[in-house]
Amino acid sequence: MENPSGLRPLIPWLSLVGIILLQSSSNTISNFPAYSAQLIQLLSISSLQLNSLIVASELGKLLDCFCIIALEHLPLWAMLAIGMVLGSVAYVVQFLFLLNKITYLSYWHLLLLNVLAGNSICWFNTVCSHAAASNFLIDHQTVIALTSTYSGLSGKLYTLLVEAVHGPGARNASTYLILNCLIPIGVGLVFLLLVRDPPTNPIKSLENCSFSFIFIIAAVIGGYAVFDSVSSAVQVQVSPRLRLAILVVIIILPIVVPIGMGLERFKLEKWHNKVICQTSSSDHEAEKDIKNMGEVTTIIDIGHEEEKNDEKVEKRDCVEKDEHKGQREKIQANELGVKELLLNVDFWLYFVVNACGSTLIMAYFNNLGRISKSRAQADAPFLLAISSSFGFFGRLSTAMFDWFTRGRNILPRPASMVVLMVLMTGSYFLLLYVDNHCLYVSTAILGVCSGILATITSTITSDLFGSKNSGMSHRIVVLNIPIGVLLYGSLAALNYDREGDANQHCVGFKCFHTTFIIWGSICSLGTVLCFILYLRKRKFYAQKVLS
């Protein structure tokens, strides 16, 4: 049904709320560490086999090429339906198997199901990116960067959902699996109610006040997520249901933007109608009312005026781009094809740096279940909540920094990576201390670093190897993820099993001691390589700053 003309300007903002909700709930594989240790017992699999399931999920996320191809031929609702079906099949089958409703499921079946689970996330992400690009024409990249930060909240959200059902510290695998199926479906249906494709009235450019308000709301969410995680560490007793309710309310808080716009528009239209009714009272009053009516009409015609202003802004931006086009071309990175990319020294430096950085963090997060199990006083859902909350904060802080410093290159990205790699190296070696507080601090630091790296990686790829083929270059770079997760996870699993008993149960600090030393050494190597990459590209970024 066509939306009333008075509500059309609100549709993009309602779409933004739908995108935020879908991103917050669709990253279902992020809660895997919370119940992975229990899954080993229920499925009677080894640590190495468990790690292979994780790798299968990462491989599924790399198959986003099918989503991109389908986007050219399918409507948005069909794309969303495919993502929901893939995720439902992956998690429902595993759920029924745990309940013994399915009597036989081979390990290869489990691998395939995890590939489907990982691939379902690609469909949700593609839907969100397309909806953002369709509803916010000029600032869609900023909108995508902002909304993608909410995927970091999925682990926190699902942990609170399970605790709301079973109580604090719960790690029921079957509950996680059924929620991974039902929540994305329910949120997806809400998404279809809020989002229109194609939109009836897309926003060409965002007003700073409106978008700053959205950032403030996101900052409140990040602050609450961090506070909630930290309060659990200091034994502050709050009902999980109340904590969940607060988180859900502030996640949907951006809906106040379209509601406020609708109320303001209603007040202006009511005022306009009142003025029209009073125009026949007297000649003097009529002349005065007509003047007021003209002013009100001007106010009501906000969309038309904004459209004109947007056209002026676009023309001004085009002129500025033309003026600086020649200067930008001088400092633009070489556009590299696949062959040139694979023969480029900087590419392999960058590839290894990513493998020693963000991928190593993923391996650590994937092992949070076994790490918490080896340390009897540590809690896997709590560690997951810390990594999720601080990861969201890292993503958000980077998006906010880019928004408020847009057009100014304050700090080269490789230099930022060097700083992050130093912090990460220290975090791995901090894990060698027996105190659980060191475990919590390290997890928080690695969460922030992972969020920042997830946000800036694609930008660095575009800077170093050209924007024309940045999508292809980034897909080659992220191939390090399944390779790294397989190697690092297998290393951790072998050390864990070696230190464990005959039943592959390991309790004590020794279970991951060797693993943390090796991981810290690998991250140290990545730090050195990242610094070398920065030195090689320092001149390029210096020219970019001057431009």
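Even glycines carry a Cβ here, placed using N, Cα and C.
Here TrEMBL flags 12-259 as domain 'Nodulin-like'.
What TrEMBL lists as domain 'NFD4 C-terminal' is 334-542.
For 1-26, the entry in TrEMBL reads signal peptide.
Taken from TrEMBL, the feature transmembrane segment covers 76-99 (among others).
The transmembrane segment annotation in TrEMBL covers 111-133 (among others).
Per TrEMBL, the feature transmembrane segment maps to 176-196 (among others). Here the transmembrane segment (176-196) has long-range neighbours at 3, 11, 14-15, 17-19, 21-22, 24-26, 28, 31, 34-35, 76-77, 80-81, 83-84, 87-88, 91-92, 94-95, 98, 117, 120, 124, 127, 131, 135, 158, 161-162, meaning same-chain residues at least 6 beyond its ends whose C-beta is under 8 angstroms from one of its own.
What TrEMBL lists as transmembrane segment is 208-227 (among others).
Long-range contacts of the transmembrane segment (242-263) within the same chain: residues 7, 9-10, 13-14, 16-17, 20-21, 24, 150, 153, 156-157, 160-161, 163-164, 210, 213-214, 217, 220-221, 224-225, 228, each at least 6 residues beyond the stretch ends and with a Cβ under 8 Å from a Cβ of the stretch. Under the heading transmembrane segment, TrEMBL lists 242-263 (among others).
TrEMBL lists 347-365 (among others) with the feature transmembrane segment. Residues 33, 58, 336, 341, 384, 387, 417, 420-421, 424, 428, 446, 449-450, 453-454, 457, 460-461, 464-465, 473, 476-478, 480-481, 483-485, 488-489, 492, 519, 522-523, 525-527, 529-530, 532-533, 536 of the same chain lie 6+ residues outside the transmembrane segment (347-365) yet bring a C-beta within less than 8 angstroms of a C-beta in it.
Residues 30-31, 33-37, 142, 145-146, 148-150, 152-156, 159-160, 162-163, 169-171, 211, 215, 218-219, 221-223, 225-226, 228-229, 232-233, 365, 368-369, 371-373, 439-440, 443-452, 454-456 of the same chain lie 6+ residues outside the transmembrane segment (380-403) yet bring a C-beta within less than 8 angstroms of a C-beta in it. Sequence annotations record features per position, and here TrEMBL assigns transmembrane segment to 380-403 (among others).
The transmembrane segment feature in TrEMBL is assigned to 415-434 (among others).
Residues or ranges marked as transmembrane segment in TrEMBL: 440-465 (among others).
If you look up TrEMBL, you'll see 477-496 (among others) marked as transmembrane segment.
The transmembrane segment annotation in TrEMBL covers 516-535 (among others).
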Flag the pair the transmembrane segment (516-535) / the transmembrane segment (208-227) as in contact if three or more Cβ pairs fall under 8 Å (sequence separation 6 or more). no
By a Cβ-Cβ criterion of under 8 Å, what residues six or more beyond either terminus of the transmembrane segment (208-227) are in contact with it? 16, 139, 142, 146, 149-150, 153, 156, 246-247, 250-251, 253-254, 257, 388-390, 392-393, 396-397, 399-400, 403
